[in-house]
Amino acid sequence: MPIDKTSEFIESVRQQIRWKKAQPVVIEEVENHIADQKNAFIQDGLNEDKALDKAIKEMGDPIVVGEQFNSIHKPKPDWAILLLISSLFILGILIQLYLFRNNDLSSNNIYGQLLGILIGIPIFFIAYLFDFTIIGKYPKIIFSFLFILNVYYIIEGNRVNGAITDTIYPLLLFPTVYAGLVYSMRNKGYIGIFICSVAFLIPASIAFVSPSMSTLLLLYISCLTILTAAVVKGWFKVKKLLGLLFIYLPTLFAFISLVYYFTIFSYRGERIKIFFLNDKSMGGVNWITTQIHTLLSNSKIIGTGSPIGQETIQIAESMPAIHTDFILTYSVYNFGWIVFAGILLLFAALIIRGFIITAKQKSVLGYLTSLSIITTMMVQCIIYIFANLGLMIFTPLSFPLLSYGGKYLVVNMFLLGLLLSVFRTGDYVRDKKGILVGIVPFIQYDNGTIHINLKSKTTK
Amino acid sequence: MAIDKSLLTGGTTMLLLKLLEQEDMYGYQMIEELKKKSKNVFELKAGTLYPLLHTMEKKGFVNSYDEEANNSRIRKYYSITKAGKQALQDKKDEWQIYAATINDIIGGVSFAY
């Protein structure tokens, strides 16, 4: 006699489902059903053994059932997003090629980009096949690894005009790791939120000392979004409103002081003024903004813009690093606003579709991970678009897939591959279980004493 | 009463959607409800039900979510979506025409005017 007829049946079903990731979810449901059916038969008066036999018989042929499950549960990519990514990727290559062909840039540069493409494509597919739940299992290890890498870059990395440039690439991965870290703080109460807030300060300070204020802004928005989403989802098991206040009061204070600092005491204030006043004075940092204004005001809706000035200079020479930082301005002038609108539309579609599928994620891990990737993409885009339209409060990082920069391309391809990985397997990912016992209030008044509960004990 | 199975398969989706239109249910519950409502005519096998539910979920007609049962077992509940409600309406209309036509031909009483 087999000790467990259920497992025998389940095993036969399982063997038919080829995609391993789908097995646990399907199996759990079938197991539950057999148990329910068996209990019903016992209530009808059958003994345990007979009830089980009958319950299993009711299920039908395990091979046939398993085969049906197998044909339903197959890994499928999200074709719409894959198509949008490929379009942007190809468009990026075309624009870069055009730019290099028509402008006298150093020929070394194109090999850097080519290398980025050659590494980026396999990285994209590796990330796509990567089991993203590892982010939720080992966030601290990955976090530490990225931190050490950054410390190394700060000490040994390249410097351009005194700024450390290499830290940006690992920092772009931080929001995603941060999603894993927040995930690992389930039911940890205010202590959990506090740890996450402190953890945010680590990448933030790296961005600050690098210094890259654009990266700081990106980290700020992405991590805040993740933390907010987690609190709203009840992940920390704290009262939502209090939890949000706990996050937003300190961050708001920090944000206001930063904004104040930068608008009053630095060149950023100047840049905003230039944008709004349309001041044509050509000095210092204003020069780039003025150049952008000149290019854009001479652009057409379709086709190349009207010639600027008397001398026919190469457009790429009119501004430094146009292929890196101002590829959109360049495209507007060279191909017309219509191309700009097209690019924006593609990217907006990618982000909106991304948000829609993110909202449908069944696991909090999948939800937070894809949210982190989408915000990382979105903030890069927004900073870039603003800068390219002449409002350069923040220096552009990159326009994902489009602007020049091999390392940026590789990092963004990795993140987008990971996003597709979440969308491919997200339906089959379950969060680790934790059972709610009750919410402990943050502040309790009891017999003349005030208790502040930093940890709401809720799991068993 | 035994009914030819092929007549049922097309309608099963409709019946399940109808059940879910009233309340969210888990698989076993659906089988029981269907049995009760049809006075034991429709005895849906679990081996048919779950693949069908999973297909409906892929099509976006239903959503599933986990809920803890009292014995701390996790139960998978299904709920109908907007698209599911639309599909139910379409299938109902289709069925009325089908039933009316069959009745016309075999000479029964048509209940769909």
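Each Cβ is built from the backbone N, Cα and C atoms, and glycine gets one as well.
Since the structure is predicted, the reported quantities are computational estimates derived from the model, not experimental observations.
According to TrEMBL:
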TRANSMEM  A:79-98  transmembrane segment
TRANSMEM  A:110-130  transmembrane segment
TRANSMEM  A:137-155  transmembrane segment
TRANSMEM  A:167-183  transmembrane segment
TRANSMEM  A:190-210  transmembrane segment
TRANSMEM  A:216-236  transmembrane segment
TRANSMEM  A:241-262  transmembrane segment
TRANSMEM  A:335-352  transmembrane segment
TRANSMEM  A:364-386  transmembrane segment
TRANSMEM  A:406-423  transmembrane segment
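In this chain, the transmembrane segment (A:167-183) lies out of contact with the transmembrane segment (A:335-352); the count of Cβ pairs under 8 Å, excluding pairs fewer than 6 apart in sequence, is fewer than 3. Ranked by the number of CB pairs under 8 Å to the transmembrane segment (A:137-155), the listed stretches A:110-130, A:167-183, A:216-236, A:364-386 are led by A:167-183. For the transmembrane segment (A:364-386), the neighbouring stretch richest in Cβ pairs under 8 Å, chosen from A:110-130, A:167-183, A:216-236, A:406-423, is A:216-236. Comparing A:79-98, A:110-130, A:167-183 for CB pairs under 8 angstroms to the transmembrane segment (A:406-423), the maximum falls on A:110-130.
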